[in-house]
């Protein structure tokens, strides 16, 4: 469940072997339950591109077939998950592309966890505003912050504020039904769009812009976004990166999808790949396969079938390397974007650590839409929680928040906005392990804690209306019903006030 947003998946998960549970119970000093809390809010990714991405979830409840061999669980752990949104599943719902339904199947596993009588979802609660982290700490034995990276990295160049310039994070939130982005209303009446950044989110956005609306209409993309895409006049998408082919951040699966996207053809400059053939054999396996596919696409003559497909393409996409955004250029009346000025760069250093340095040359690329996908950053959640604004993370050691016993973090807010769902899940397993190690060592409160009973009273007095998982299942049924008539898996609810009305609030 997550605040990204854009993100990643994050699971705090741990399990103890059966012979260890009695020792942990004695450490608690009572026969009562161990109350734990995970705070999550949409990165996030993202995350998360889910992402990158998924849902940040608490998993101190055992599912042995999915646990790492050395993992542990606590037999009486009670986990409450606090979520900013009214609905669960974070980046899986709001970050994963609508044409990737197979990735969203992980929701089934999340649902099994949420239905446990030892796990509770508390949606529509903004930690740091509706309830302070210190109040949560007083109510629970441990608190885990797993709220991802909900902000984007600004370009910090002239013209960034012009109409027609959006963050990729907001654009993804718009077509995926994130309530805060539902009124984005991008103008797609232009011929050319430029995406700054060469990661998986950039390719997701390019693919959505160029995919036939007829294909998207059977996905869970919002009807509002689909209506705008049906009227789109975008025919060319440039995906721009500061460095070269060896430094792209997207993965081979997403690249292959772009190359094979119906009705489109790729534009790659063979000159960008000179000399790479001799260096391929030195690359790690995944980077080698990715570079080989780029090289073949850029330099080899396609077969007859592929050549015919590309010849019939009505839309194109291309990768522009060694270019760094310098200025967004306005239209003559100054009312919207008309292009972008790019600084030509060269690499200093080698491999993935190489840095882009300006050569002094520039070029102007006409376009009517600029989408920035140059990274995400976390925000501080509460004045009393340590936060490193430079790194954009909560200072921690293996998930333990420095200087605050009983407070933990996982996911992008723990290590920065990198990695995919599997990366973040593994990372979160480790945070869960640290928490239970501390419990076993007697480093967490041993007496009883009230858990949600105390927080519920606080929220009620502040006019906050938490949403439970059973509430979500009612909203879920409404979404599925609305989508059924159009042949969609669901039609997402976008307005929080409408959601509350449907729940009789």
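Glycine residues also receive a Cβ, built from the backbone N, Cα and C atoms like all the rest.
Copied from TrEMBL, the annotated features are:
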BINDING   83, 91, 127, 412, 419, 420, 421  FAD binding site
BINDING   198, 199, 200, 201, 242, 243, 254, 419  NADP(+) binding site
COMPBIAS  1-13  compositional bias 'Polar residues'
REGION    1-27  region 'Disordered'
Query - Pairwise CA distance, residue 83 (FAD binding site) versus residue 201 (NADP(+) binding site), rounded so that it is a whole Å - result: 23
Requested in this report: Express the distance between the Cα positions of residue 243 (NADP(+) binding site) and residue 419 (FAD binding site) as a whole number of Å.
Outcome: 19
Query raised in the report: Nearest to residue 200 (NADP(+) binding site) by Cα, among 127, 412, 419 (binding-site residues)?
Result: 419
Requested in this report: Ten-angstrom check, please: count other Cβ atoms within 10 Å of the Cβ of residue 83 (FAD binding site), all chains counted.
Outcome: 30
**Report entry** Under 8 Å by Cβ from residue 254 (NADP(+) binding site), same chain, sequence gap 6 or more
**Finding:** 200, 203, 204, 207
Requested in this report: Consider each pair of residues in 83, 91, 127, 412, 419, 420, 421, all listed by the record as binding FAD, and report the largest Cα separation in Å as a whole number.
Outcome: 25
Query - Site of maximum Cβ density within 10 Å, from binding-site residues 91, 127, 421 - result: 91
Query raised in the report: So which one is it: of the binding-site residues 201, 420, which has the fewest other Cβ atoms within 10 Å?
Result: 420
